[in-house]
Structure formats: structure tokens, C-alpha cells
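Asks: Okay, these came from TrEMBL:
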- 120-130: compositional bias 'Basic and acidic residues' (COMPBIAS)
- 150-161: compositional bias 'Low complexity' (COMPBIAS)
- 20-55: domain 'EF-hand' (DOMAIN)
- 209-297: domain 'ABM' (DOMAIN)
- 120-165: region 'Disordered' (REGION)
Amino acid sequence: SDDGKLSFDEFKAYFADGVLSGEELHELFHTIDTHNTNNLDTEELCDYFSKHLGEYENVLSVLEDLNITVLKAMDKTKKDYQEASNLEQFVTRFLLKETLNQLQSLQSSLECAMETTEEQMRQERNDPTKPEVLSIQWPGKRSGRRLQKNNSLSSNNPHSSTGWIEEDGQWMTQINRLQKLIDRLEKKDLKLEPFEEEVLEENARSHIMIVQNQMCVMEEKIEEFRLALKQYVESASTLGGCLHISIQKLPSSFRFIVYEFWENSNAWNSHLQMNYSKTFQRSNVDFLETPELITTMLVP
């Protein structure tokens, strides 16, 4: 309840693993509760688990360092990625993917170890009803805590109580409904519609011309470039075939991207022959650090 301490119900909701009985969880709760307040605070939890860390003390320490290192790398990536070259961005994407794969591989090993230890514990206790684990794995996502379906919770179980039976009964009802829904979805026949091809006219007039122009401006020429770009946009916008012009300046750099939308390729070609367009192209020779990169696309 976000009050800085755990009641037994909160403790049970988080630490119950389907192996320890209710009485064993209650006994563990009072073992950790050295202050005898019927609530566990952070100090009591840390004191108890720190005595049993063993080899996992090094594991958790490394994980803390890893968490800090990953966050630093993410912060660096956020700052530098947009301004990096295409090759540098490719390397960054590869490293992110490889890091994720390594972490997921480690997570899979830990999950396998957890399932093995839980299964061994059940066999040692000679539990006649092995809990059925319902697990839904989503690709690329961290798997949630597994839902355990344990049929041993009944009135004949000496470790159960009325409260436990009612609570688990409600959960089992929801789990069964979810399982039936999943079964229905898995068995549902897919009805795929036949693929329809749209025959487009070969006339270029039926296509909108989209133009992307990327320009990297020299710092000392930025004001002159802005003035020339403003005159270029104002002149182009007056032409009948110009639908829209949008300008973007990338932050922390002198790189501009101009998006132009023209009614068709003929309108774009006519625009290129106009004096204002030729003037702007000539001025860019003096304003730009590298040649401008122009990309065009026809859209039906």
C-alpha cells in the first residue's frame, strides 16, 4: 500500500512461489519480523536476505554495475544517435540488439534454473498434484511471473484455510476463462481474403511528386543560407503545381531538410527550370559543406 512496510498479505502476494505452504510463509514472515510489529520494513528484509546471499552477493553487485553502465550507454546513444552517420547508426543498432540478445539469453538460463529448483522441491515433498504452469511468452518482452494452477488447495489440505480457498478459487476462475479464450483463438480458422491488385495509370500526372532535400550548411554561412532558402520557398509556393513545402532543422547542427510536395513530376520539372530555383542551386555551392542530397518519390 506504499506505506513503507509490508503486511503479511502483501508479503504473501509477492513471495508466494507455489511451493511454500501458507503456514511456512507465515513462519518465514515472523522470522524476518525481528521488530515484532507484524509488518516488515526495508531494514528487516535487507538484514534477513543479506545473511543468505552467498555467491549471489557478487551476482547482484555485478547486476547493479551493469544497470548503471547500460543506463549511461542509453543516455549517450540518445544524445549522439541522431547526429551520427549512417554507418555509425548501423553499428549502434547492432550493439543494442546484441546486448538485448545477451540479456535475454541470461534471463532464459535463470528461468530454467528457477523451474528446475521448484520442480525438485515438489518432487522432494512428494506432492501428488504437480502444479500446472501457465506461461505466455511475448517475443522481445520480459516474461511475467508465471501463473500456477495448483489443485492441491482444497478443504482436505491441512495447510489451507477458507480465505486461501476463496482467493485462489477466484483466480482459478479467471485463469480458466483466459485458457478457454486462448483455446478458441488457437482453433479459429483464418479466412484470408484474396489479394487484389490495383491497376495504376502509367500517366505521371496521376502521381504526386514528393521531394526530400537534405543540406548541411557551413556555420559561417547560416544567415545567408536562411535568407536564400526563404526566398526560394516564397517563390516556389506561388507556382500552381506546388502543394506544400515544409522545412526542418535538426537540433544541435546546421543540417536542414526540405520536403516539397508537387502535383506531378511535370510540375516539379517546370519548377527546376525557373530562375529562382537555379539561383538557389548556384548559391548552395557556396553555402553547403557537402553536396545536397535530393530524394524523390512518386505517390499515386
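The backbone N, Cα and C atoms fix where each Cβ goes, glycine too.
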Asks: What are the DSSP helix, strand and coil residue counts for the domain 'ABM' (209-297)?
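Replies: Output for the domain 'ABM' (209-297) reads 40 helix, 31 strand, 18 coil.
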Asks: Please work out the mean pLDDT for the residues of the domain 'ABM' (209-297).
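Replies: That stretch averages a pLDDT of 89.
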Asks: Per DSSP, how many helix, strand and coil residues does the domain 'EF-hand' (20-55) have?
Replies: 20 helix, 2 strand, 14 coil
